[in-house]
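Below you'll find the structure, written out as structure tokens, and then a few comments.
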Amino acid sequence: MNMANFLRGFEEKGIKNDRPEDQLSKEKKKILFSFCEVCNIQLNSAAQAQVHSNGKSHRKRVKQLSDGQPPPPAQASPSSNSSTGSTCHTTTLPALVRTPTLMMQPSLDIKPFMSFPVDSSSAVGLFPNFNTMDPVQKAVINHTFGVSIPPKKKQVISCNVCQLRFNSDSQAEAHYKGSKHAKKVKALDATKNKPKMVPSKDSAKANPSCSITPITGNNSDKSEDKGKLKASSSSQPSSSESGSFLLKSGTTPLPPGAATSPSKSTNGAPGTVVESEEEKAKKLLYCSLCKVAVNSLSQLEAHNTGSKHKTMVEARNGAGPIKSYPRPGSRLKMQNGSKGSGLQNKTFHCEICDVHVNSEIQLKQHISSRRHKDRVAGKPLKPKYSPYNKLQRSPSILAAKLAFQKDMMKPLAPAFLSSPLAAAAAVSSALSLPPRPSASLFQAPAIPPALLRPGHGPIRATPASILFAPY
């Protein structure tokens, strides 16, 4: 079937007929007969039809039809009705099932596919198990039905105290349980509590009688108030003297507001200080003496019962083998009223190990060292090996060294000498046996001088004695 010749003749006939009705019929016929049923391709012009009919794919399909074999369905993109067109555009339907284009498109103005909106919720509703599907299946359904699921925002986990961001909950949990976070939280709590405590002291200074505000109609209460006011006024001028006495004794100075309350001065002050430190440690979960942060009260109790904490307490009190001494020039720092663990500005001496340290950090390092632990446990000292020999003070070892050197200074046996000297030494030992070997090897003149004549070379007649000595 020669389609190109048929279309040429059809165009020549159309050129002769110039009427508008003939032109419309010509366009319709062109649409009808510009479709290749063999290759299932829509052609837009006679030139395309000619190029297609001369192509290899069209000839191959025509040959297969003539031989009685069904042609394979052509696979191409669905955009076959493009204006430019190509030689091999097809749709997914086979040639036998596909209807002519004119029947599907009554006019050229109608679009080939009508777009209709697809509701994403209804599309997801078609699949009841959409949320439990695999990610690959969800992606396929979203691509085919146009369901757009908004991407989930990554949850940002951050610590506002430490100014850190985390990638997971486990990282955040580990950070919250750590010591760095606990220290920063405690520092923030301390800064928040300080402004609350300062105005109370200032108010106590400004109004010394503010603690005696309740006034009743009884005369006895008024007399008690007057007595307390007198006691407070008398205690104010003597506060400087008591402060200087406390500084001389080496204890921590009391704040100036503490002198106004007579109950604090009369009662036992050190007991209340220890209790306040314990309460602060329980509240903050922090040991200010050892500078250790814990996560629970059980850990704090275990730390307080440990040997390190006990030795630090003994060093502060001076009751154990570790003694503390004030460092020179530390009184000026103590006058500033800086509160701490009580171990600042001090030097320490460990009586067990006979070691002097200069600071609290060095004391902690010494307490945690193996040397101190072995001494406390009563283990013997391990010898230290060094490449340098130190002079030992004991006279017995020095005497042994001298005796060893004298023994090594004895002359050598003749077997260690060269061959001519060895023969001479053997003859002399056979003829004369002296009681003690002297510095010279040959004493008796029994050997003729011809044997002792110096030979050629480096051999000498009377060589010096060879001695072995330590390095």
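Even glycines carry a Cβ here, placed using N, Cα and C.
Marked as region 'Required for induction of apoptosis' by Swiss-Prot: 1-93.
Per Swiss-Prot, the feature zinc finger maps to 34-64 (among others). Secondary structure of the zinc finger (34-64) per DSSP, as helix, strand and coil residue counts: 17 helix, 4 strand, 10 coil.
Among the features that Swiss-Prot reports, compositional bias 'Low complexity' is placed at 76-92 (among others).
Look at Swiss-Prot and you will find 94-471 tagged as region 'Interaction with p53/TP53'.
Remark: secondary structure over the zinc finger (157-187) totals 18 helix, 6 strand, 7 coil, with classes taken from DSSP. Feature annotation from Swiss-Prot assigns zinc finger to 157-187 (among others).
Summarising the annotation, Swiss-Prot assigns compositional bias 'Polar residues' to 206-220 (among others).
Positions annotated as compositional bias 'Low complexity' by Swiss-Prot: 230-250 (among others).
If you look up Swiss-Prot, you'll see 260-269 (among others) marked as compositional bias 'Polar residues'.
If you look up Swiss-Prot, you'll see 282-316 (among others) marked as zinc finger. The average pLDDT computed for the zinc finger (282-316) is 85.
Annotation source Swiss-Prot lists zinc finger at 348-378 (among others). Mapped onto DSSP helix, strand and coil, the zinc finger (348-378) counts 16 helix, 6 strand, 9 coil.
The helix, strand and coil residue counts that DSSP assigns across the zinc finger (282-316) are 21 helix, 4 strand, 10 coil. Beyond the ends of the zinc finger (157-187), by six or more residues, the same chain brings 284-286, 293, 295 to within a C-beta distance below 8 angstroms of the stretch.
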